[in-house]
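What Swiss-Prot says about this one:
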BINDING   Cys36, Cys39, Cys61, Cys64  Zn(2+) binding site
TRANSMEM  1-21  transmembrane segment
TRANSMEM  68-88  transmembrane segment
TRANSMEM  90-110  transmembrane segment
TRANSMEM  114-134  transmembrane segment
TRANSMEM  143-163  transmembrane segment
TRANSMEM  178-198  transmembrane segment
TRANSMEM  223-243  transmembrane segment
Amino acid sequence: MLSILFIFGLILGSFYYTAGCRIPLHLSIIAPRSSCPFCRRTLTPAELIPILSFLFQKGKCKSCGHRISFMYPAAELVTACLFAAAGIRFGISLELFPAVVFISLLIIVAVTDIHFMLIPNRILIFFLPFLAAARLISPLDSWYAGLLGAAAGFLFLAVIAAITHGGVGGGDIKLFAVIGFVLGVKMLAAAFFFSVLIGALYGAAAVLTGRLAKRQPLPFAPAIAAGSILAYLYGDSIISFYIKMALG
């Protein structure tokens, strides 16, 4: 099963990266077919094979020789690994469906935020019915836990945005509402903590290495995605570990 999830993740990861690059530009995610961003030549089926095509072509376009962004194979590999991690965590269970849908959403919004500093409403709206169906299939502790989580996620980020005078974007606020719906209040708090920690560490490293100016805006969705997935898959284990450490 893990190999199937991994391969499935490779294929969808390629599609998710393309979708994340096209949706903010109001382009179709289906047509035209993928092409080289430099010479605009339509890629052949062999050039669309996840990971392998990048390796065989040595990271370059066969036609014009320009280097292909490493983000393409990175998105494929990250999605594949996360799908497999969900399979390891939940096995063949009802919770595997919301896990795959949730990871898919977070991969796409991470891509849009990296490239455009934007989390389009249409992506969140598209995924809402699937996440709602997923929570009907595999509910949280109570039927209202998801609604409480959504309200908590929205209000908490909205308050932070008001205090920081726009330090948090509207897309981040709505994304956290969706995350709260999926995770519930308890894991939402863990997701927020992990997200802030990851974002702070990345931001500090980027400033120290000169990749980011001190006051330059930083896309927060990738950190939110990483922190939320960490909380979703391993939050209970991490919390239990620290409680045991605190109690000696």
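Every residue, even glycine, has its Cβ placed from backbone N, Cα and C.
Residues near Cys36 (Zn(2+) binding site) in space but far in sequence (CB under 8 A, at least 6 apart, same chain), listed by position: Leu43, Cys61, Ser63, Cys64, His66, Ile68. Other residues of the same chain near the Zn(2+) site, with their Cβ within 8 Å of the Cβ centroid of Cys36, Cys39, Cys61, Cys64, are Pro37, Phe38, Arg40, Arg41, Lys62, Ser63, Gly65, His66.
The candidate set comprises the binding-site residues Cys61, Cys64. Of these, Cys61 has the most other Cβ atoms within 10 Å. Packing against the transmembrane segment (90-110) from elsewhere in the chain are residues 1, 5, 12-13, 16-17, 19-20, 23, 75, 78-79, 82-83, 119, 123-124, 127, 130-131, 134-135, 137-138, 171, 175, 178, 182, 219, 221-222, 224-225, 228-229, 232-233: each is 6 or more residues past its ends and has a CB under 8 Å from a CB in it.
Below 8 A, the CB atoms of the transmembrane segment (114-134) and the transmembrane segment (178-198) form 3+ pairs separated by six or more positions in the chain. Counting only same-chain residues 6+ beyond the ends of the transmembrane segment (68-88), those with a CB under 8 A from a CB of the stretch are 1-2, 5-10, 12-14, 16-17, 20, 36-37, 50-51, 54-55, 57, 59-61, 96, 99-100, 103-104, 107, 111, 114, 229, 233. In the structure as shown, the Cβ atom of Cys39 (Zn(2+) binding site) sits within 10 Å of 12 other Cβ atoms. The stretches the transmembrane segment (178-198) and the transmembrane segment (223-243) meet in space: the count of Cβ pairs below 8 angstroms, excluding pairs fewer than 6 apart in sequence, reaches at least three.
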